[in-house]
Amino acid sequence: VLRLAGGRSRCEGRVELEQEGTWGTVCDDGWDIPDADVVCRQLRCGHAVRAPGSAAFGRGHGPILRDEVGCEGHERHLWECPAATEHDCSHKEDAGVVCSEHQEWRLSGGRDGCAGRVEVFFRGTWSTVCDSTWYELEAAVLCRTLGCGNVLQRPSFAHTLPGKMLYQCGILQPSLAECHWTFNKSAPCHQSRAAGVICNGTGS
């Protein structure tokens, strides 16, 4: 069994494996994109966009179960990759991954982190969000996710980033990733502007 811990979604975090009922971590010696690719695919999170080491998502606990992992990238499970079970590592070398299906959000160009144009990190790049279905509900989900309180306004901006994401929530989901989303489909985003939001909280 495999999971990612300490990230902002289930598709980002510190790599943790379960062996005989105990969860442990993987050492970052030799950890690279082909290794991370296997993890992302095993978790149905797409492919790896980064393979950070040095406990980028915090230090784990328990045994360090793998070192010098050497996947070629096509393996179905991390267990199938050659690795050393002996190690000279500590948890400050815990390996992590960021997968392509991980989504995170930021508001840019506003007075603080709780106001501005909505930008989403997805499949390795920052993109804007189409305002054609950016209603009170979608904006409310994002304000809440960012810890920014409630929606005050929904201004529109120009699209200047490579991709376009469209969200339709239906109900107040815990995160926009749980809403219905489409990426780079031109029809619903045709003639849209880039969504923005001003929340009533204040961010860093």
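Heads up, the Cβ atoms here are built off N, Cα and C, so glycines get one too.
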Inset, instruction - With CYS179 as one half of a disulfide in TrEMBL, pick the other half from CYS169, CYS199. - result: CYS169
Legend entry - CYS81: disulphide-bonded cysteine as recorded in TrEMBL, out of CYS71, CYS99: CYS71
Inset, instruction - Have a look around CYS71 (disulfide bond) and count the other CB atoms within 10 A of its CB, chains all included. - result: 22
Legend entry - Tally of residues which DSSP labels helix, strand or coil - the domain 'SRCR' (2-100): 16 helix, 32 strand, 51 coil
Inset, instruction - Give me the Cα-Cα distance between CYS179 (disulfide bond) and CYS71 (disulfide bond), rounded to a whole Å. - result: 34
Inset, instruction - Count up the helix, strand and coil residues in the domain 'SRCR' (105-200) according to DSSP, in that order. - result: 20 helix, 39 strand, 37 coil
